[in-house]
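Q: Just passing along the structure, written as structure tokens.
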Amino acid sequence: MKRLAKWRLFSLFAMMALILSACSGKPYLSTLNPAGEVAQTQFDLMVLSTAIMVGVIAVVTVIFFIVVFKFRRKDDRIPKQVEGSHKLEIIWTVIPILLLLILAVPTVSATFKLADVSPMEKKNEEGKTDALVVNVRANLYWWEFEYPNQEIITGQELVVPTDEKVYFNLIASDVKHSFWIPAVGGKLDTNTDNVNKFWLKFDGEKAAEADNFFYGKCAELCGPSHALMDFKVKAVPRDQFDQWVTAMQDVKEPKKAETDLAQAGQEVFNNSCIGCHAVTPANTAPEAARLAPNLTNFGDRDRIAGILDHTEEDLKDWLRDPETFKPGNKMTGTYGELTEEQLDALTEYLMGLKVTEQ
Amino acid sequence: MSTLAQKKGFGAVLWDYLTTVDHKKIAILYLIAGGFFFLLGGLEAMFIRIQLAVPNNDFVSAGLYNEILTMHGTTMIFLAAMPLIFAFMNAVMPLQIGARDVAFPFLNSLGFWLFFFGGVFLNLSWFLGGAPDAGWTSYASLSIASEGHGIDFYALGLQISGAGTLIGGINFLVTIINMRAPGMTYMRMPMFTWATFVTSALILFAFPALTVGLFLLIFDRMFGSNFFDPAMGGNTIIWEHFFWIFGHPEVYILVLPAFGIFSEIFAIFSRKRLFGYSSMVFATVLIGFLGFMVWAHHMFTTGMGPIANAIFAVATMAIAVPTGIKIFNWLFTMWGGSITFTTPMLWAVAFIPSFVAGGVTGVMLASAAQDYQYHDSYFVVAHFHYVIVGGVVFALFAGAHLYWPKMFGTMLNEFLGKITFVLFFIGFHLTFFIQHFLGLWGMPRRIFTFLPGQGLETANMVSTVGAFFMAAAVIIMLINIVITSVKNEKVGNDPWGDGRTLEWAIPSPPPFYNFKQLPLVRGLDAYWLEKMEGKKGMSPAEPLGDIHMPNNSFIPFVISLGLFVAAFGAMYRAEHSWGIPVLIFGMLITLGSMFVRSVKDDHGYHIHKEDLEDNNDKGVKA
């Protein structure tokens, strides 16, 4: 008998594992594949609350089926008119309170843990923090990531080291957005009024499973292209992150184009694009003047405009008519019509904007 | 033959409904208007699901999708669910307490017409340059930035219809406090009346927050103020607070009457009195009270800090307790009963697992730290559809079948009703269950499309298929209504055979004065008590006498029309020179008709005793 129970339990777990693996979504996107301390904390809470709730549902279901099958009308009798039962009513008041307490305690503790950003307030002699801080600025359909300690700015693709806490300052420059990397941790809104702060930790092993590449989303309705306001997160080991930072910092002047075609492209860029897009990472312009993503390392990125594949063809399509890909974006109509030659040249130039040698 | 039952032409019927102050006819108006908007909102829902059936779909464009999703939410909440609930409150509550009408019949009519014109105004945006596109929550930074007049239609339309709702709520409160029949103490009131009472109190306290928020939005957008512009010292978060201080109680405004309808159904079709009546009353009041303490759980990710988040998390969890009490009381109402599965009962029985599923995800969402993952994802979409469809819409279907004979004197077809139920039940779970997972897999809400390769394709397709089942169910319901109306087989006082409360003691539909003599109420389930003692009907509490009735009035229609006209003036003031004159003209219509109403004495009329006796001879029992 005991053995049977054990076997049953085992098959139950096997079934659940099977269902969970089929239902856990993509490792680079799903909250059910937690890839960091924050997401793990939240996942554990999900499991705890689901377990409690499944218990509640089981009780309700049992009573429900007994009632529905046992008490069907068979004859024309009038059942006894029961007023109620104090004993029963106390039971189903007290037990839920206890269950909720079991959930409330870890909830409150996790809420405070996830909001603890004290290390980002501690400044050293240079006026910088020892912790890694990223200033995130959300704009109509693109993201800016500024590393104040490293004094570099990039856009659309967040680069972070794994296995350490990364602290974020979040703000929006036009309308409210919300910063969400589902696999790594819950979201926090980017308000227009104030800076919101929180931290995330990117797990190295999980990152490797996801090819060091997570999807980020805007989670607050912000306009027609809200659905397309994706960003990407490159989570790499600390030494690679340091290399990247150094390579970025080395770009003091706009990178010179190497081929003739690229030089022609740079000319087009300087005439039409540089007003909004910077190509040096130490961007000293004030936020209000940084109207579009910084393109210093555009050639290294994995997506164009956060959504298109990183190919020359896609880049040309995008430059020809951004409106078809991101309705309502702020780039459409800010530069004149580009000829096919200009597009070729510009593409060559942009794709050459790399900071890492590969 | 008295003058009360003459056959009328179409024009006369129309005029009768435009001017009526009879709660039963106003109920029918609410039912028709709310039903129409429900179909409209459903159509918008179908567009949403078709667009999201496959990745990168271009069935509708990005901007249009945002308009559709905004109008779907706004229409379903304000113009479909609330009016349909008001329809049942109007139709049933005065009968349940043994009253001849509501306390202020004139205001009842005014409330309806304000809602109606507000709803029409809001929907005219489709034809006049585009609908609102900032979501039904209309968060300030986006709603201020939104171009065109969409948001103006939203703010003005909801302001007008919101005034109607507020008037209706106050009216119900006064009615229940003052107009209960002799012997009908508070603790003998049927559960649906209790729900109406608590709901009306919620409306009274919740709607002013929306009114204030909408006025600030109107001032910002149309009159150059800066309440929500951070650059000018304004603050957008204030809008979120205003909206949710209204918006969370609104959830209970919708769901408490649903609970009331189900409480009636469980008792009737189990042939048992409601288990734990007094704890049900207590739970309803407690839910209403706690409903005001938890609004900020919609804002866990706004950045309020851990202290506020923790407090609101725990407060929100507390609501699960009274709700749980209700679920178990319903189950034990059926326990030991004699259950018959009529269409209303099927909806009620199916409501329990559906609503429990929505309730438990509610507790998960209440837990702030994990809510950071759920918030604004499809998990939330699944949750609130489980609560609002599984709770409120199920109740509306159940209530429609249950009260159809009382409202129209004929029964909806049971066979078609059950088909509707089966299709809708399957479609509902097919559509929304999978959406929990979509959210957990990383799909944000309110997105007009999704990209391939993110693992979201299959689940979205499943969800869309489910939506078609629900659409089919609604179509069959419509066919049922048409067939029933054409056949029009009249039924008696108590067509379900097991009616327990006063409304089942009088004819279906009741005469326009409801009760010839006010009934004497001797306990909870007053009619059931009399039946059990072998009596045919209620014992009267007063001798037969003249009945005082209010006159019909066209003024409520005109007052509402004036505000409708004025709203156009306010909206186009900035760009057209005729804006201000139209605004003034509209306000003059409204204020002028209010003036007429104030100075013109309208004493109503009396139905004479002799006429009532006359009716008695013709077999109309009251």
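Each position is counted from 1, following the chain as shown.
Quick reminder: no glycine exception, Cβ is built from N, Cα and C everywhere.
Below are the features listed in TrEMBL for this protein:
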- A:1-22: signal peptide (SIGNAL)
- A:23-118: domain 'Cytochrome oxidase subunit II transmembrane region profile' (DOMAIN)
- A:45-69: transmembrane segment (TRANSMEM)
- A:90-112: transmembrane segment (TRANSMEM)
- A:129-247: domain 'Cytochrome oxidase subunit II copper A binding' (DOMAIN)
- A:260-354: domain 'Cytochrome c' (DOMAIN)
Q: Could you pull out which residues elsewhere in the chain have a CB under 8 Å from any CB of the transmembrane segment (A:45-69), counting only those six or more residues past its ends?
A: 31, 96, 99, 102-103, 106-107, 110
Q: With helix taken as DSSP H, G or I, strand as E or B and everything else coil, how many residues of the domain 'Cytochrome c' (A:260-354) land in each class?
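A: So the domain 'Cytochrome c' (A:260-354) is made up of 44 helix, 4 strand, 47 coil.
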Q: For a three-state summary based on DSSP, what are the helix, strand and coil counts in the domain 'Cytochrome oxidase subunit II transmembrane region profile' (A:23-118)?
A: 64 helix, 1 strand, 31 coil
Q: From the DSSP assignment alone, can you count helix, strand and coil residues within the domain 'Cytochrome oxidase subunit II copper A binding' (A:129-247)?
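A: Across the domain 'Cytochrome oxidase subunit II copper A binding' (A:129-247), DSSP assigns the residues as follows: 21 helix, 61 strand, 37 coil.
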